[in-house]
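One structure below.
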């Protein structure tokens, strides 16, 4: 079978058992051009009863092939996957898994009516009473385990890390034996396992699978067997050696001990067909838990791993490594993952793209994510700097909404929306560089956003259509107006303090368009300055303003008391010593606004303040436009004080 993505096939949709007519996930898996697509395995695990005779191909071919497939029995193990696809449909597997996940501990939720709407206001799919988490005791807590890898080089360091893991709230610790120096197998293993305050997963990763162990293979496997005997809850063994290893412990496994059989791909994420075949190989070794880790070249690669986790009925750990694979870790509870990994510290990760356990729990509300959790996020490139998940997840939690907001590092906007089209994807925020290109992917565009030519807020309406808004101009212009009122000691009135002002916008991208449009609407005389004059002219014509290059702005001062708004990325982390305009040119401005908020206090704003100008932080725009996005997403008023407290603490 092919192991690379070459040729697109028909999109695959699988369904949530609670809504059979609605696709849970729609994706476009790719497969080898020389082979027909093979669906992911319908992996129902069978247990042989001692009171019944072992099935044979003659007596029960379906059961025989299933057991042959899972345990490597009989002559048909290589064909079992193909034949079983005939007997069990993918949809049935997905529905069964989701039904089990949702039903577990959710009786209190089921008693609530899912048709009683809180609000029918415009925006994404409306929240209902079943989306509310009314108390922590009544919430269906995520069944996905959180594991913290221990990367210490000594036993003492690992013991300290274990205690920290418990304090943070982890469920399991992974003891990475290959990280230890001067490792004494018999003595050190017993100390680590016996003294751990949490269940232990023991991994002794060799260099040929991305680890650090370079010694004798038989000694490595001996250490894993000893870990089992000493009371480890799990051991992780690589697919390449798993069959022989599992045979060596057959009949010796303690009760509740599980073997994770893992496969790591540090190059890409193969086709759905190839991943399905890989799962079949892992199950054929007798694995208790399947673990597949691939590498994301695009965020849509995660969809193929989500497919595997949703279809599988054997416990499965699915991870897509790298920054573009972050959502595979965050959304593991939504798609039925058995376990995910969170580092103790940002600099002590065991695999690329691994978030910290603290962020999983505190930033992304990991414990509250369920199969029916609504999904929101921010699309951009770069996007990791965005504070939006901090604001929205805290807001969702504060009022008990069953929703999560994540970072989406997106390269191809159209492919992103085509892939993640499930109904419970409620919408997203949109930042640089996608505020303009995303317009082409929308079903409906708010009239103001259409005039601006850029969007920053996308909602999925009840009919499934994507509707776009622009809330940037509201947030930024209102903040600038308040700054001018404070400068001139004006009380809020009908007229805008921007009326008649020269308003210089640096940048003609999505944010620049929003500021230029908003200022023009308030009666300002807009000047658009951009690196390329063509882009500046295009925007200036739309708002009835003047165009110039960024170089020309340095010498532009037709009058004193102008307003400057920077919407370029100049000065953003990590290039915090850069500024879009020289300090000596700032003396002609009475107010300077910078849309950048990482850092909050940019070099531009520091120098503007030194020249005597009033400054308006980018965080103020973020907060105010966030109010509007929250209303569009949920139909509820934004918790404004909470937003401000969070930005004050974390900006």
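Heads up, the Cβ atoms here are built off N, Cα and C, so glycines get one too.
Sequence annotations record features per position, and here TrEMBL assigns compositional bias 'Polar residues' to 15-34, 46-63. Feature annotation from TrEMBL assigns domain 'Shikimate dehydrogenase substrate binding N-terminal' to 378-458. Look at TrEMBL and you will find 498-570 tagged as domain 'Quinate/shikimate 5-dehydrogenase/glutamyl-tRNA reductase'. Residues annotated as domain 'SDH C-terminal' in TrEMBL: 618-647. Per TrEMBL, the feature region 'Disordered' maps to 1-63.
Restricting the average to the domain 'Quinate/shikimate 5-dehydrogenase/glutamyl-tRNA reductase' (498-570) gives a pLDDT of 97. With helix defined as DSSP H, G or I and strand as E or B, the domain 'SDH C-terminal' (618-647) counts 25 helix, 0 strand, 5 coil. Secondary structure of the domain 'Quinate/shikimate 5-dehydrogenase/glutamyl-tRNA reductase' (498-570) per DSSP, as helix, strand and coil residue counts: 27 helix, 20 strand, 26 coil.
In the domain 'Shikimate dehydrogenase substrate binding N-terminal' (378-458), the DSSP tally of helix, strand and coil residues is 30 helix, 21 strand, 30 coil.
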